[in-house]
Amino acid sequence: MVTAVKPRADAKRAPKALGSAIGWYMVLGIASIITVFPFFWLVTTALKGPGDAVFSLPPQWLPNEPTLNNFARVWQQIAVWRFFLNSLFVALCTVVLNITVSALAAYPLAKMHFPGRELIFYSLLATLIVPLELTYVPGYILAVQVFRYDDTLWSLIFPNVFSAFNIFLLRQAYQAVPNDLIDAARIDGAGELRIWAQIVVPTVRPSLVTAAVFTAVTSWNALLWPSLMLRTREIYTLPVGLNTLRGMFSADFRLIAAGTIIAIIPILIAFVFAQRYFVSGLSGAVKG
């Protein structure tokens, strides 16, 4: 008996799958170019000399004679090390305080049952839709007239101790921790603080690192709020210090580009070391 051989479904799907893959690769390629191009322009501008055009038609993409003189001029014109240490102090203090508060606040929202828990959680989420700039006016009044800590580095730290996003991120990660493990610890007589510190926190370490990276980057890059708070040049953070390179009526974009690269390097180094925790932390929070 001769059996008719039906065309394989895979053979029909192959051209469609290939076309879909090509389309996605084209989209990813365009997105990559759009993402990388500003960094390419930044680096080439920082390496340009006085004779190279920054803005011209047609554009000059590469410097005729690459030079590092712009980086040296940045170090001569502003106190980079002082501003760097100020930014580092603000970022470290903000990360430690923010992650501690967020990690503690997320635990009862994820693993404890009490009246109003869901209302509190969704109220926190609602604050995420409020633009940060709307809080600057009341925050400025509190800093200047009530607490009187303006023109200090602490004025950049205290307003960022609370983060609804980090609480949400860690709450989602906590939910992935098995309840049986926590119930067993409670039966053994462990208190909630001990359960949080010895069981839950070590389990969600990647999510903690992810939240720390987000907080550090946000603190490091902040410009508007530090510009409102700081008046003494000696306590400027790095973005505020680099902003002084821009004149009132003109600016040397070669210096600004070089200073921006100096400010970006520490964040890139931190991200390289925390990358594997960052990816696993985000995936764990999504699964939670």
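Here the Cβ of each residue, glycine as well, is placed from N, Cα and C on the backbone.
A TrEMBL annotation is a machine prediction, not a hand-curated record.
Copied over from TrEMBL:
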DOMAIN    84-274  domain 'ABC transmembrane type-1'
TRANSMEM  21-43  transmembrane segment
TRANSMEM  83-107  transmembrane segment
TRANSMEM  119-141  transmembrane segment
TRANSMEM  153-170  transmembrane segment
TRANSMEM  255-274  transmembrane segment
Inset, instruction - Could you give the residue numbers and ranges of same-chain residues that sit at least 6 residues beyond the transmembrane segment (83-107) on either side and whose C-beta is under 8 angstroms from one of its C-beta atoms? - result: 153, 156-157, 160-163, 166-171, 173-174, 192, 196, 200-201, 208, 211-212, 215-216, 219-220, 235-242, 266
Legend entry - Same-chain residues at least 6 beyond the ends of the transmembrane segment (119-141) whose Cβ lies under 8 Å from its Cβ atoms: 109, 150, 159, 164-165, 167-168, 171, 224-225, 228-229
